[in-house]
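Novice: The structure's right below; bear with me while I get my questions together.
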Amino acid sequence: MDASHPAVYPVGVPPTAVDPPPRVRMKDYEGMPSTLGGLVLRSGQFACAVTALSIMISIPDFSSVTAFCYLVAAMALQLLWSVSLAVVDGYALLLRRTLHNPVLLSLLVIGDWVTSTLSLAAACSSAGITVLIDSDLAQCAHNHCGRYEAAVAMAFLTWFLVSLSFFFSFWLLATR
């Protein structure tokens, strides 16, 4: 019985690499730090915070309610945070650099988390007072309910944009 025998042809073995090849990251998504989307998010946060702050400051007696004072303070902090990070994002875009340093990303994540929490708390407390004045006390004729509602809406929009920035930064930090 003749069985066929496999023929063995010598094949050169490729040299083994000392270091494994670098991991290939997926492309950076718009909205992450040092992208154009990130700059747009920061600019939107700034614009919404400025609008909410301007509306509240234009109301003469806003300081009589603690929740409205808290909204003004939270939007002022958000304004400073957003404009400073918009400048950093713009500078990184001009130099074509990435902001993927783990220490810097940790700072961005913690800062966005704190400012988004403050913005949400301020927006919710101000919305509660606005509903109280409008619906429960029915004193909109004596107060500026339309302005209060507009400022609260801008505060919620600010919170939404900051939350998006937080999630993009956190995602980038978690996948490093």
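Here the Cβ of each residue, glycine as well, is placed from N, Cα and C on the backbone.
According to Swiss-Prot:
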- 1-45: topological domain 'Cytoplasmic' (TOPO_DOM)
- 46-66: transmembrane segment (TRANSMEM)
- 68-88: transmembrane segment (TRANSMEM)
- 89-102: topological domain 'Cytoplasmic' (TOPO_DOM)
- 103-123: transmembrane segment (TRANSMEM)
- 124-151: topological domain 'Extracellular' (TOPO_DOM)
- 152-172: transmembrane segment (TRANSMEM)
- 173-176: topological domain 'Cytoplasmic' (TOPO_DOM)
Novice: If we skip the immediate neighbours and take only residues 6+ beyond the ends of the topological domain 'Cytoplasmic' (173-176), which ones have a Cβ under 8 Å from one of its Cβ atoms?
Specialist: 25, 100, 102, 105-106, 109
Novice: Grab the same-chain neighbours of the topological domain 'Cytoplasmic' (89-102) for me: Cβ-Cβ under 8 Å, and only residues 6 or more beyond its ends, written as numbers and ranges.
Specialist: 28, 33-36, 38-39, 42, 108, 172-173, 176
Novice: Going along the chain, which residues at least six beyond the ends of the transmembrane segment (103-123) come within the CB cut-off of under 8 Å?
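Specialist: The answer is 33, 67, 70-71, 73-75, 77-78, 81, 85, 152, 155-156, 158-159, 162-163, 165-166, 169-170, 172-173, 176.
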Novice: Where else in the chain does the topological domain 'Extracellular' (124-151) make close Cβ contacts, counting only residues six or more beyond its ends and a cut-off under 8 Å?
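Specialist: For the topological domain 'Extracellular' (124-151), the nonlocal Cβ contacts are 51-52, 55-56, 58-59, 65, 67-68, 70-71.
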Novice: Mean pLDDT for the topological domain 'Cytoplasmic' (89-102), as a whole number?
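Specialist: In the predicted model, the topological domain 'Cytoplasmic' (89-102) has a mean pLDDT of 90.
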Novice: Looking only at the topological domain 'Cytoplasmic' (173-176), what are its DSSP counts of helix, strand and coil residues?
Specialist: 2 helix, 0 strand, 2 coil
Novice: Give the residue counts of the topological domain 'Extracellular' (124-151) per reduced DSSP state, in the order helix, strand, coil.
Specialist: 20 helix, 0 strand, 8 coil
